[in-house]
Amino acid sequence: MEEPMFSVIVPATTANLGPGYDSIGLALALYMTVEVHRSAQWSVRFDGEEYADLPIDETNLIIQTTKTVANRYGKELEPYALYVKSEIPLGKGLGSSATAIAAGIEIANELLTLSLSPREKVRIGSEIEGHSDNVAAALLGGVTITYFIDGEMEIVQLPEPKIGCVLLVPPNALKTSDSRGLLPKDLSHQTASAGNAASNVMVAAVTLGDWKLAAKMMEKDVFHEPHRKPLLQDFDRIREFCHGLGAYGMTISGAGPSLFIAVENGTEENVARRLEKEFPYYRGIAVTPAHTGSNIKKDAH
């Protein structure tokens, strides 16, 4: 295969961080790389087996997003061939769909010279995905907090998180739509107030760099954890074991089924191996936050 015109690199994300439901995202240093090649027709080729069942024609989410952006700005887009390599587990609550959407936005922006601002990219991605937490973190990096309600959008990026991260990834995927179906339509005022308080303190603690307190609040979610955790094997035992290892805290990554553990920076490898040994059903991945979001890499030649 000839050298690509350019490549797009997008990080994985974990969303919610407990009570920050549909609002808070954290970019992770696991990446999807999409090479863009000239071609007579649209196509996608994946490296590896995990993504083998995804569409490889124009119905692929990356291509759909690219064409949606072009149409939004009244532009015509020639076809291209995409070659995708990804470290991100598919359908495991690590933002794989947001990563694809972010890649499509970046590809359209580059090919059509749209010069979109970061805010414009996040708005487009949020409208496509229907919520803003994952896509904002994928595009911007670091910790992002967004308000995306009835078309109104606000974005706050918090200081670079000085933590290590561990992901526990089970073998089976879980569709976000199925996981959302577990949630109640309404919450009592008392329950919502408790969740709101936990989220407020968590955000303040992250801003101050106090991840010990942030993770304590992360574990006090009432919006989705109580309804989703019955599907997650050994959830309570894993949380207790994490505390015994000195981890800051554990929560569901996005809609699940993966689990996200915040740990002291530099301890993530040890914690991941200990957890993997104790709970062999899961694969332990040690990772750090990604401080930058999606970016374009052009061939040096």
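Glycine residues also receive a Cβ, built from the backbone N, Cα and C atoms like all the rest.
Please treat TrEMBL annotations as automatic predictions, because they have not gone through curation.
Residues or ranges marked as ATP binding site in TrEMBL: P89, L90, G91, K92, G93, L94, G95, S96, S97, A98, T99. The feature domain 'GHMP kinase N-terminal' is assigned by TrEMBL to 60-142. Taken from TrEMBL, the feature domain 'GHMP kinase C-terminal' applies to 202-279.
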For the binding-site residues P89, G95, the largest set of other C-beta atoms within 10 Å encircles the C-beta of G95
With neighbours defined as other CB atoms within 10 A, the best-packed of the binding-site residues S97, T99 is T99
Ordered by sequence, the long-range same-chain Cβ contacts of G91 (ATP binding site) under 8 Å (at least 6 apart) are A173, L174, K175
Surrounding the recorded ATP site, with Cβ no more than 8 Å from the Cβ centroid of P89, L90, G91, K92, G93, L94, G95, S96, S97, A98, T99 and those residues left out, we find A12, I88, G254
Simplified DSSP label at P89 (ATP binding site) comes out coil
Using DSSP three-state counts, the residues of the domain 'GHMP kinase N-terminal' (60-142) come to 48 helix, 7 strand, 28 coil
Taking every residue in the domain 'GHMP kinase N-terminal' (60-142), the average pLDDT works out to 97
Grouping DSSP H, G, I as helix and E, B as strand, the residues of the domain 'GHMP kinase C-terminal' (202-279) number 43 helix, 9 strand, 26 coil
